[in-house]
Amino acid sequence: MNYWELKLAVFVSDKVPEIVMGDPGRFRQVITNLVNNSVKFTLKGHIFVQVHLAEQKKDGDKNDTCLNGGSESIISSSAFHFKTLSGYETADSQNTWNTFKHIIADNGLYYESATKVVNDDLSRDVTVMVSVEDTGIGIPLKTQDRVFTPFMQADSSTSRKYGGTGIGLSISKCLVELMGGHISFISRPKIGSTFSFSVSFLRCEKHAVGDLKKSHSDDLPTSFKGLNAIIVDDKPVRAAVTGYHLKRLGIRAEVVSSIKRAAATLGKNGSVVSKKLDMILVEKDLWISEDVDLNLHFPDINQNGHMYKLPKMILLATNITNTEHEKAKAVGFSVIMKPLRASMLAACLQQLIGIGNKSRGKDMCNGSPSLRGLLCGMKILVVDDNRVNRRVAAGALKKFGAEVECAESGKAALALLQLPHNFDACFMDIQMPEMDGFEATRRIRELESIANEQQNGVLNCDGGTKRHMWHMPILAMTADVIHATLEKCLKCGMDGYVSKPFEEESLYEAVSKFFESKPNSDK
């Protein structure tokens with residue numbers, strides 16, 4: 001798959017409490033399953049995750065196009081003019097800027113921790129609604145009534161082309177209902193799908209907040225608070241998402257629709273505006289489409305004989321070629337790649353404008369010495385057809401000092417693991433097209449068995465003792481943590497599993513036990 005055209009974004013309403021009482025494992029699992037499904041079936045456009053309170057969903061006109069499918073012809077160029085995250089048309093015609101702006105209209109200028117929200121109303125439950133919107137292939141009308149049936153996909157060609165068994169949506173429905181919630185979807189062929197679910201949680205009591213772990217917002221640096229930014233973007237939903245991440249860092253942002261308007265905000269006739277501006281963030285596609293001379297629009301500002309330093313110019317890009325990157329650098333842009341996360345954005349801004357929490361960023365990149373030592377120098381193969389999963393797993397393992405290589409299919413993994421190889425362990429997704437993780441593992445074990453028999457034969461002729469030289473630990477990566485699946489993993493020769501969504505600690509704990517008795521010098 002080519003993900004160059006795919007945009008991924010997350011927006012969480014400020015009205016959602018940051019700390020609630022519920023089942024985080026099930027909640028996280030459902031979101032991961034839905035996002036993984038969207039990534040698998042979406043080549044262009046966007047995947048947009050929204051989290052807000054159920055009462056924030058405005059009751060507009062009922063959507064008449066929920067399941068009508070419309071024409072199954074290829075999307076025309078006019079699809080890029082919709083007021084959505086990417087400009088592509090979406091299945092839920094109500095889930096556009098006109099609805100989204102109501103959710104963000106009453107948000108404050110700065111991101112506030114949920115403690116205030118928690119204390120506002122302790123007597124009521126809170127119902128959280130999550131939607132995962134994509135502009136993928138959609139679901140054919142004739143199969144929409146069976147999407148939550150286990151092992152059911154649109155047709156057999158879907159499984160062959162995209163991989164998977166179709167159990168993810170069934171598991172998601174079960175998990176949502178176990179939490180007392182409800183899940184539904186809207187899908188249109190060749191347009192995309194929007195899956196939504198709602199779950200009620202208990203609000204935290206005042207005394208309980210202090211006993212919980214620090215929230216994610218507490219981990220963000222506070223040194224950006226009070227900075228001012230301009231977001232240059234002609235897509236209002238996308239601009240709002242960028243503003244959301246800036247606001248989490250305490251950065252006040254204004255949105256304009258063109259570079260010319262941004263220049264006008266800086267000042268007129270060479271005069272500086274009264275508000276200090278620290279950065280201008282420009283979307284790459286808008287910069288390319290406008291094709292303007294930045295030096296002409298952003299000259300050095302002179303006021304009363306004093307030269308004023310221009311704001312930091314930042315280009316936001318989902319993808320960028322070497323030529324585009326060089327051109328951007330030549331005109332004064334620094335490039336930040338999407339998708340945006342507040343922690344990642346903070347680290348980038350710290351480097352660009354020289355403020356932020358330096359020590360924490362260093363600790364996050366390096367990991368603790370005791371954890372790094374065990375995996376340091378180990379070579380680990382990550383096999384997954386999902387590019388996002390590969391990047392997450394590889395990034396986590398590298399933090400612990402491991403050398404990581406990735407493969408996007410069972411066939412590619414088998415080619416890398418022809419004996420002799422120098423891999424110490426392998427994380428293997430079990431649901432992949434063409435050759436799944438079960439079959440790949442069986443073939444790897446067959447290769448090892450043949451090599452061990454040959455080696456044992458040589459040793460026996462010399463009067464030696466039998467020993468098995470080849471057995472690389474293979475750990476399944478799966479969202480289907482059910483007894484039958486785990487039994488199948490062990491039966492085909494896997495040594496264990498990690499459940500998706502996986503965290504750094506779970507990956508480390510799963511693989512490190514195989515190396516605890518191996519000093520690094522033996523490698």
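Keep in mind that glycine also has a Cβ here, set from the backbone N, Cα and C atoms.
The domain 'Histidine kinase' annotation in TrEMBL covers 1-203. The domain 'Response regulatory' annotation in TrEMBL covers 228-353, 379-515. Under the heading 4-aspartylphosphate, TrEMBL lists ASP429.
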Across the domain 'Response regulatory' (379-515), what does the pLDDT come to on average, as a whole number?
84
The domain 'Response regulatory' (379-515): DSSP-derived helix, strand, coil residue counts:
63 helix, 24 strand, 50 coil
Taking the Cβ of the residue listed as '4-aspartylphosphate' as the centre, count every other Cβ atom within 10 Å, in any protein chain shown.
28
